[in-house]
């Protein structure tokens, strides 16, 4: 029995899809456990680039199962568009499995997301407007429609009519807007469900069978720890728990099945949307990182905010997600900078702190305390071992590992699959 969880340690976009794809080659099952199509994974190999949102990164290995767990919220229409796009490019998707307990995103969730963000005005949280939050709200309110319900025509019809009646009153009272009608939704989404029917099953049983058979299971996280609804920069967070602990809830396996947790980070920091970002850069170094690193959101296309590496953030992520190994991506992006910086602590009201504050107002007052290290100019994109890295780049990574108290097991020097390097066996 062996399993690895891949989680983002920052605010998402760390390169989890790339690392999951890299590790998937030695896995038997790859499973997503949280989020929805608000996530964006970019995978590059064989001269081709693929952008995924809902489909697990393991889909590219046709002999392995790619599982969407019960903790994921699924927009059936968006999922079919993604699958059709892969099929058109010659990627088979018959190895996909979808939990029959996964919640369904419907048009009224997208409308609600839009209206609620508009109502917030200056207090907007930067939602992707994919209906993720409203779908999770319906789940907790126990009015959500699950994949198992979508497949049964009478069940779906009954639940949809009831929900639209409720949403109509809510939309009118809160936003003075109308809810998408039953006729706007039913036929299209029932048909989408029927197209997905062959993939829908009890994925918890699939995972349990894999463990019993001593197969290797890889759990693929979405977003990042700092977007976690409990442990992130609340309220500027996602609506689920991207931390490793949610694997058990989001896939239906026990905690004893988790063997290792790989925390994925960039050699710097990035963030999309609003919210605190203590090490954010607004100067030429920031411009360099954004352009060289192609820092634009996979899902939204928005320019990402960028900043120096923050060890306060990563120590927090290591603790709340139980990270055993670190994967550092995008080392090549920092090439050419005279000086690179690592945030080692914050100054809050004249005092040095080393842990991430829970209070948002305190966080806004935090000033990063930096340690400066010399940069490097050598091309690193073909490097395959730590020893081959320029001395300054190697010392930079070693200092990150030391500050965060976690070993580096993977490092990446470019976007392609072949530019990802394994320092130790993980399975």
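Each residue, glycine too, has its Cβ placed from N, Cα and C.
Note that the structure is predicted; figures quoted are calculated from it, not measured.
If you check Swiss-Prot, you get these features:
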type	residues	note
ACT_SITE	13	active site, proton acceptor
ACT_SITE	41	active site, proton donor
BINDING	12-18, 40-42, 304, 330-332, 412-414	GTP binding site
BINDING	13, 40	Mg(2+) binding site
BINDING	13, 14, 15, 16, 38, 39, 40, 41, 128, 142, 223, 238, 302	IMP binding site
BINDING	298, 299, 300, 301, 302, 303, 304	substrate binding site
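Overlay of Swiss-Prot annotations on the structure.
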{"residue": "12", "record": "GTP binding site", "Cβ neighbours (10 Å)": "27"}
{"residue": "13", "record": "active site, proton acceptor", "Cβ neighbours (10 Å)": "27"}
{"residue": "15", "record": "GTP binding site", "Cβ neighbours (10 Å)": "25"}
{"residue": "18", "record": "GTP binding site", "Cβ neighbours (10 Å)": "28"}
{"residue": "38", "record": "IMP binding site", "Cβ neighbours (10 Å)": "27"}
{"residue": "41", "record": "active site, proton donor", "Cβ neighbours (10 Å)": "25"}
{"residue": "223", "record": "IMP binding site", "Cβ neighbours (10 Å)": "29"}
{"residue": "303", "record": "substrate binding site", "Cβ neighbours (10 Å)": "13"}
{"residue": "331", "record": "GTP binding site", "Cβ neighbours (10 Å)": "26"}
{"residue": "413", "record": "GTP binding site", "Cβ neighbours (10 Å)": "25"}
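Annotation for the binding-site residues 302, 304: lowest Cβ count within 10 Å of the residue's own Cβ, 302.
DSSP classifies residue 331 (GTP binding site) as helix under the three-state reduction.
Here the candidates are the recorded positions 13, 15, 18, 302, 304. The one whose C-alpha lies nearest to that of residue 40 (Mg(2+) binding site) is 13. Calculated from their C-alpha atoms, the gap between residue 128 (IMP binding site) and residue 331 (GTP binding site) amounts to 28 Å.
In the three-state DSSP scheme, residue 41 (active site, proton donor) falls into the strand class. Counting in whole angstrom, residue 42 (GTP binding site) lies 15 from residue 302 (IMP binding site) by their C-alpha atoms. Separation of the C-alpha atoms of residue 41 (active site, proton donor) and residue 331 (GTP binding site): 18 Å, rounded to the nearest whole number. A C-beta separation below 8 Å, combined with a sequence spacing of at least six in one chain, links residue 301 (substrate binding site) to none of the other residues. Binding of IMP is attributed in the record to 13, 14, 15, 16, 38, 39, 40, 41, 128, 142, 223, 238, 302, and the widest Cα separation among these residues amounts to 34 Å.
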